[in-house]
Amino acid sequence: AEPSRGPACAAGMVQQEPAGAPGLAAVGEAAAATAEVRLSRRRWAVVLLFSSYSLCNAFQWIQYGSINNVFVRFYGVSAFAIDWLSMSYMLTYIPLLFPVAWLLDKRGLRLIALAGSGLNALGAWVKLGSLKPHLFPITVLGQVICSLAQVFILGMPSHIASVWFGSREVSTACSIAVFGNQLGIAVGFLIPPVLVPNVEDVEKLAYQISIMFFMTAGVATALFILVIIVFKDKPPHPPSRAQALIQSRPAQEYSYMQSILRLLCNANFLLLMVTYGLNAGCFYALSTLLSRMVIHHYPGEEVNAGRIGLTIILSGMVGALIAGIWLDRTKTYKQTTLVVYIMSLVGMVVYTFTLSLGHLWVVFVTAGMLGFFMTGYLPLGFEFAAELTYPESEGTSSGLLNVSAQIFGIAFTISQGQIMDHFGTKAGNLFLCSFLLLGTVMTAFIKADLRRQQANLDNEQTVIRSGERSEGPRSSSAPTGCSGR
């Protein structure tokens, strides 16, 4: 039966049962209330390792787009063909999300981590077979394999944070997990223009590209080996009461398809899914086309174009960390998300009208402001979704957010590229501004139904009441049962 949606059932654990049968929900809640909650020291190694192989995968996403003109000349293909190397990440994610989310729920985090890091390393090695101008199909194959790896990576931050981290550090952990992806994009903007200069000699160009590909393959392989050694499905003890409640749920109670249907019937989550897709889609389009935009106004500035991309991502990482710490302290998910969305719109408008002024330092400043809010929004969306959809799997809710982002990312990248070709960069950026405005308005209509926070609060109160009952009259002078380690 469909779980109750009333406030007393925020955890979604109430179901109809046969007459006379013991209440599965009551059993689960009782087990969660008495479960030992303890933080694992391994949690930091897990999140940092995940962040590292996510970094490597994100680097491979943008390594072509950040020097688009160099690869256009080396392979003798169109700029649109090179753009598709980035968009392949978006395209493969959409049909594969649900099988991967199902695997996560059925087989656990370790298998997903092994698949993501392993495919990432394999794709990096395949690219080493594409160091001749006529071997463009080989580099496409390598990129497609890396895009498959991304399906096992992109929706994991909120899941790792919830499974491994306590309620007071879960948003910060999610931000750190997202950090890796953002830092990988930053490195992807910075390193390729330095390692692969725009030289005329094709042989020298192939040699420079081979250095970049070999370095990437070596790092990806080392990270895969570390994943084999370090990663586990979950810690020995649940890190929070909300996680204890999920782990105490009987296996027969969970249905993956019903979970998806419940998410798609959650009006607040649907609004967030669309608004997240609009914001992230704008970010994907901006990242893919940034080099073309900057070089159009500042010819010969390939290295600075990469540095501008680096500025966007690094400032966004600072924004994401600040947002994560702020959420852990205040739990103001709706208000924070709305403010960051508004400032993303403001930053995009300012960037649009300053790009063509002829001063690169101005572009650096406005791009940094834009990145602080637009990139900083990404972990906010994951954590807000986890709150709105508890106790559904964070991998499923994050995956649906990312499907929305990929769909809008493909649409925006193709549309903005065509608009730029026919009407200029300002028109293309105004196109993105209009959708950020729409997303801001829609965000204002999301209700802050913080189910995960309510579950933690309810379970803490249950433990306190249990302690008071067990201690009887002496409870007023003795420590309560919830103070324990």
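One-based numbering along the chain as shown.
Using the three backbone atoms N, Cα and C, a Cβ is placed for every residue, glycine included.
Note that TrEMBL annotation is computational and uncurated.
TrEMBL has this to say about the protein:
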- 44-64: transmembrane segment (TRANSMEM)
- 46-451: domain 'Major facilitator superfamily (MFS) profile' (DOMAIN)
- 84-104: transmembrane segment (TRANSMEM)
- 111-128: transmembrane segment (TRANSMEM)
- 134-155: transmembrane segment (TRANSMEM)
- 176-195: transmembrane segment (TRANSMEM)
- 207-231: transmembrane segment (TRANSMEM)
- 263-286: transmembrane segment (TRANSMEM)
- 306-326: transmembrane segment (TRANSMEM)
- 338-354: transmembrane segment (TRANSMEM)
- 360-378: transmembrane segment (TRANSMEM)
- 399-415: transmembrane segment (TRANSMEM)
- 427-446: transmembrane segment (TRANSMEM)
- 459-485: region 'Disordered' (REGION)
Seg_contact(the transmembrane segment (176-195), the transmembrane segment (427-446)) with at least 3 CB pairs under 8 angstroms, min sep 6: no
Mean predicted confidence [pLDDT] for the domain 'Major facilitator superfamily (MFS) profile' (46-451): 86
Segment-segment contact (the transmembrane segment (360-378); the transmembrane segment (207-231)) at 3 or more Cβ pairs under 8 Å: no
